[in-house]
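Taken straight from TrEMBL:
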type: TRANSMEM; residues: 24-43; note: transmembrane segment
type: TRANSMEM; residues: 55-76; note: transmembrane segment
type: TRANSMEM; residues: 97-126; note: transmembrane segment
type: TRANSMEM; residues: 161-180; note: transmembrane segment
type: TRANSMEM; residues: 192-213; note: transmembrane segment
type: TRANSMEM; residues: 233-257; note: transmembrane segment
type: TRANSMEM; residues: 269-294; note: transmembrane segment
type: TRANSMEM; residues: 333-357; note: transmembrane segment
type: TRANSMEM; residues: 369-393; note: transmembrane segment
type: TRANSMEM; residues: 399-419; note: transmembrane segment
type: TRANSMEM; residues: 440-458; note: transmembrane segment
type: TRANSMEM; residues: 478-498; note: transmembrane segment
Amino acid sequence: MSDQPEAAAPHTHEKREHWSGQTAFILAAIGSAVGLGNIWRFPGEAYDNGGGAFMIPYVVALLTAGIPILFLENAIGHRFRGSSPLAMRRVHRRAEGVGWFHVAICFVIGLYYTAVIAWALSYFFFSFTLAYKDDPAGFFTGEYLQLGEAGTVSLSFVPHVLIPLAAIWIITIVVLALGLHNGVERLNVIGIPLLVATFGILVVRALTLPGAADGIDALFTPDFSALTDPNVWIAAYGQIFFSLSLAYGVMLTYASYRRRRSNITSPGLVIAFGNSSFEVLAGIGVFATVGFLAHQQDVPVAELDGLAGPILSFVTFPAVIAQMPGGPLFGALFFGSLVVAGLTSLISVMQTISAALQDKFGLHPRGSAVAVGVVSAVLSIIGFGTTTGLYLLDVVDQWSNQLGIVAGAIAMIAAALWFGGRSRELQRHLSAVSTLKLGTWWLVLVNAVSVLLIYMFATKAVSLARDGYEGYPTSYLAIFGWGTAAFLLAAALVMPWLRWRRDIVHFRPWPTRQQLGLPPGRDDAPVEGSAS
Ligand code: PHE
């Protein structure tokens, strides 16, 4: 299953790194998609939004938005052969900022995603001695995070968060510096099978616990009235975007490392369905375990608290692990899986940033990796290694992930299809290189979804502006929430003004427009050089 030789594809003088083949690409893309979102976000979202009935909007969102937008991102990256800013610049000379918007979101996410992986790394070690067994809730927020007051900023560092945080950053920098092939690819080729195996064992064990069936019942019992609630639909689309790493420029960048002659659509389906299968599997495993907890406490699952977000993984799970025969092993498998799943996603985020800096400033992959890694590590340690890190994480996540990402998706669609006029070209590009051909339906779906995205963006923006978020002080939200939004915008507006340090002029997409049966377009004359 490797890429076909590049025979008929022209060699422009690109020195881009490449995946060793199709399997490597699929594993890396799955590595990006399968992450904390699958293990802790999905089960909670499904449970809160109609249980089994949530599967309907979820599957609809996967088919109408997830897969079509994955194809779009892959198409842009593959045809225009670059990091997000470079590829978007080639899509339309004024669209470079969209790429920087993606990169800025990745930068923000990288800072706090690492923190959660660091917690999981600590909990991996705590599991061997069940350090958290007496009082999992008090242990997490008190002894471990030493949580300060919400809505404040503290600079007192928590040493036992600092150490794993630094460790995760060192691993990340080393993997990135090893390059796409020896670092990123190898991590995924080893990590993903390992993850599937550990998680598989975990789920089987969970299913054999007393009460497992009640937990699964609770997750999948459909509440069909949820389907009339627009928020449930928004939650489903939001979950699909986050989970498939869509509109972060990650899937775009990863596709740019495929050879010109590479099948794009069928692997896309493997990635999308692989990710969702893992997600549903995680839901089953997590709720089977939760069912055991309810069984131990002799209460219905519905009466348990703490079934979402960090609390599910770092408080509820430890509580179960502490009561379970073979708990330490179960705990180590669970937190070990979180670390591996998180790490392969984090690497994809950092690679997206590093690729952009390589393209724009002509940096060597290693130099770029180290620069990005060190800057991020320092900021991440200052922001999230302290006693108020959890709150900062919560707020920054809302603005970057819930609001920013939707804007990033809309901007990408608008730039490529509406202003860039690339609809037919991208559709034919995908069909020309892939075994699975796309019809006009693909374009119809992408356009239709953008209407929904605009609605999602507006509702979210209005609600954050009007109601604030989770009762945090307005000034805190102004600085860290809206400040994050301002940072994303600033990156999009300022970065395109800087000069390209490498030649982006001599670029011809392949297959050419003519080969795709399209009238000649602006790519048939050299685009002008440095961005103005
Ligand atoms: N898809 C990852 C997850 O499910 C998160 C992620 C988002 C990774 C964006 C990369 C980019 O956890």
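Cβ coordinates come from backbone N, Cα and C, glycine included.
Predicted, not measured: the structure shown is a model, and the values here were computed from it.
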| For the transmembrane segment (55-76), which stretch among 97-126, 233-257, 369-393, 399-419 has the most Cβ pairs under 8 A? | 233-257
| said: What residues elsewhere in the chain lie close to the transmembrane segment (24-43), defined as a C-beta under 8 angstroms and at least 6 residues from its ends? | reply: 113, 116-117, 184-185, 187-189, 191-192, 195, 219, 239, 242-245, 250-251, 254-255, 257-258, 262, 267, 270-271, 274-275, 278-280, 282-283, 286-287, 307-310, 312-313, 337-338, 341-342, 344-349
| remark: Listed stretches 269-294, 333-357, 399-419 vs the transmembrane segment (161-180), most Cβ pairs under 8 Å: range 333-357
| message | Are there residues at least six beyond either end of the transmembrane segment (478-498) with Cβ under 8 Å to its Cβ atoms? List them, or say none. | response | 85, 89, 94, 96-98, 100-101, 103-105, 107-108, 360, 392, 395-396, 398-400, 403-404, 407, 464, 469, 472, 531-532
| Short question: which residues 6 or more past the ends of the transmembrane segment (333-357) have a Cβ under 8 Å from it? | 28, 31-40, 82-86, 99-100, 102-103, 106-107, 109-110, 113-114, 116-117, 120-121, 123-124, 127, 168, 171-172, 175-176, 180, 183-184, 187-188, 191-192, 194-195, 198-199, 201-202, 205, 245, 248-250, 253-254, 256, 313, 317, 321, 363, 365, 368-369, 371-373, 376
| remark: Among 97-126, 192-213, 233-257, 440-458, the stretch with the most Cβ pairs under 8 Å to the transmembrane segment (269-294) is 192-213
| message | Out of 233-257, 369-393, 399-419, 440-458, what stretch is closest in contact terms to the transmembrane segment (97-126), meaning most Cβ pairs under 8 angstroms? | response | 369-393
| request: Please check if the transmembrane segment (440-458) comes into contact with the transmembrane segment (369-393), where contact means 3 or more CB pairs closer than 8 Å and the residues in each pair are separated by 6 or more positions. | output: no
